[in-house]
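Below you'll find the structure, written out as structure tokens, and then a few comments.
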């Protein structure tokens, strides 16, 4: 009893502390927010959120708080209910830790911005929306959080709104998320009709759930988590400042789609069609993103495609009916991906705005802390044994190898794993090793504690998070314990093959052969030709069909063909055929009239 | 002084030099390492220098056309663009902070009272601008040819005590990187 009370109290306390930068300036006249106060708020909230997590780890206490119903209809209740289960209680400290590090980094990174407090406000609002999404026990509250993170993503990507590409990217993010929202609203409507509730506890059906609402949920996850088909917004979202990319588009917002599928996994678990869709979609996304990442030259785009690839891997895990493993991958991924973005931000500022890896090199000597942490993050990403990524990634590949599911998806995922190693090593070699190719005078320094502390903190998290989480959380499904040696070491072997490929490619760049465009590199560089095809074809067909409907269907068909002109045409046709019938001999006609009248008169 | 005049068409020399610079930049995007780039840059330079003394314009134009086609076939799909150039990552990034100076006129008097000496000085500058505007316009009307200006360059002030035309736009231009 006391455990639940302490749990509820500490969670509500965490949320209240997070809301203080918004409520305190309204209550007190002299209180001014600053980036420092907001960072301290998040740090306090993180420390307090460790209480529920440790409670859960040691006593397994979970709870659902439900208050204030919105009496919408008589028999349809929408309460504000918060679910503290293992997912939300584990996610809170991790998200708050990552956010704290990112905000501390952003106090240095964005220090030359005029409106830095507004920036921190936006990040705080985003965090609140994301935590609402994780805590929600019903789909209504989840939808509020879902839309909230979408709006904040728009505002933050288009932070420098004078830049045309930033506005385009923000618009792309909003539109692609909207297409996903269609799926979410469809599933919510089906749930409201059939289960008469939006609570997650009511979504479980003992028989097979119909495929349509599940496809709606998968569409929502495709939009929010940038799976193949609705993915272009994620690389474009790199137009935003680096703290935005680190927080939203690597650790927290893009996992919202996967989180939705984890929350609703009782519905998914008995419908094999939906699970197979998840599996194949995830496998396709992970391979596509990894292929595109190999030839990218912008450091942020490489990390963005890496995020996209890992999201595909999380979708694959959902398709294998292992939601807890997907959540583990979300947690470990948050650490090393945020750290990679922070390291890239440090490098970019040190090189005075240079983001192209062709103009970086030899940074291992000049930025030792940043590049060492970057190496740790890259090793964790590749799934090096016993770093954070290993515990989730290796388990996913083992489970996939030992399950009797789609071989095609398995092969794609293994190929994507090797490509992960390839582009990671390419990035490392071009950024950190060799002679420097940067400009001659750069403001390169790591002297500020606000840079090195967050990065080293996250590095510590990248190393230990996997071990800590797996040691303390009991798995809900037994992982496969025995398998052939080749299956067990498949991930490592494939990673090593990827490393060898990267070394071979870098050897080729050193030899004196003229590089050329080839179809493969062209496919990878232009991101699979997806962007021009979908963006232009879609708008072209829409405008064309609009023109046809407006001018041809309405004007020409209704007003002309069905109306006057059509009638006139019919008349014309009739008259043309019947013109040749009469020959114009009037005297003969008159005499025939007279004759027939005479005959009729003579009969009567 | 001695600035090149822009005409409506490019000379052959300008076209060749532009092709050379374009191809060197794309070569730099392809050959990441400096020694490899230097090797291929020297080869490219030798190819350009071989046809340096061709006097026949027809042949020279054909060579240029072949060069442009070869460039198009071998260009890099993601050429290296400097961050502040058009298409780069920092281009127009601070455009949203570049507010025109006439917004200062719309400040509330209580806000203007926070910087009294600045606004007093500003009133003097605005008075100067009002006085010299007619003279600037007159100078521009006299100096512009009948069928429109030839270049974008503005003429300097000609008479003693006059200010250069459109000096206000130059003096009150926003900073490159805002504070």
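First residue shown is number 1, and so on along the chain.
Placed from the backbone N, Cα and C atoms, the Cβ positions cover glycine too.
Annotated in TrEMBL:
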DOMAIN    A:73-120  domain 'NADH-Ubiquinone oxidoreductase (complex I) chain 5 N-terminal'
DOMAIN    A:136-416  domain 'NADH:quinone oxidoreductase/Mrp antiporter transmembrane'
DOMAIN    A:423-602  domain 'NADH dehydrogenase subunit 5 C-terminal'
TRANSMEM  A:6-24  transmembrane segment
TRANSMEM  A:45-66  transmembrane segment
TRANSMEM  A:86-107  transmembrane segment
TRANSMEM  A:119-136  transmembrane segment
TRANSMEM  A:142-162  transmembrane segment
TRANSMEM  A:174-193  transmembrane segment
TRANSMEM  A:246-262  transmembrane segment
TRANSMEM  A:274-295  transmembrane segment
TRANSMEM  A:302-322  transmembrane segment
TRANSMEM  A:455-473  transmembrane segment
TRANSMEM  A:485-503  transmembrane segment
TRANSMEM  A:585-603  transmembrane segment
Proximity of the transmembrane segment (A:246-262) to the transmembrane segment (A:485-503), 3+ C-beta pairs under 8 angstroms
no
Is the transmembrane segment (A:455-473) packed against any residues at least 6 beyond its ends, judged by a Cβ distance under 8 Å, and which are they?
57, 86, 90, 94, 97-98, 101, 105, 324, 328, 331-332, 335-336, 338-339, 342-343, 346, 369-370, 372-373, 376-377, 380, 386-392
Same-chain Cβ contacts of the transmembrane segment (A:274-295) under 8 Å, 6 or more residues past its ends?
209, 211, 214-215, 218, 222, 226-229, 231, 235, 261, 268, 301-302, 305-306, 308-321, 405-406, 408-410, 412-413, 415-416, 419-420, 422-423, 426, 521, 523-525, 527-528
Please indicate, using numbers and ranges, the residues of the same chain that are 6 or more beyond the transmembrane segment (A:142-162) and have a C-beta under 8 Å from a C-beta there.
119, 122-123, 125-126, 128-134, 136, 169-171, 173-174, 177-178, 181, 184-185, 188, 220, 224, 237, 239-241, 244, 248-249, 252-253, 256, 260, 263
Counting by DSSP secondary structure, give me helix, strand and coil numbers for the domain 'NADH-Ubiquinone oxidoreductase (complex I) chain 5 N-terminal' (A:73-120).
29 helix, 7 strand, 12 coil
Which residues of the chain, 6 or more past the ends of the transmembrane segment (A:86-107), have a CB below 8 A from one of its CBs?
7, 11, 14, 35-36, 38-39, 42-43, 45-46, 49-50, 52-53, 55-56, 62, 116, 119-120, 123, 127, 130-131, 134-135, 241, 243, 246-247, 251-252, 259, 262-263, 324, 327, 330-331, 334-335, 338, 342, 345-346, 450-451, 453-455, 457-458, 461, 465, 469, 473
Spatial neighbours of the transmembrane segment (A:119-136) not adjacent in sequence (6+ beyond its ends, CB under 8 Å) are 11, 15, 18-19, 21-22, 33, 35, 38-39, 41-42, 81-84, 87-88, 91-92, 95-96, 99, 102-103, 106, 110, 113, 142, 144-149, 151-153, 155-156, 159, 241, 243-244, 247-248, 252-253, 256, 259
Taking the domain 'NADH dehydrogenase subunit 5 C-terminal' (A:423-602) alone, what is its mean pLDDT?
89
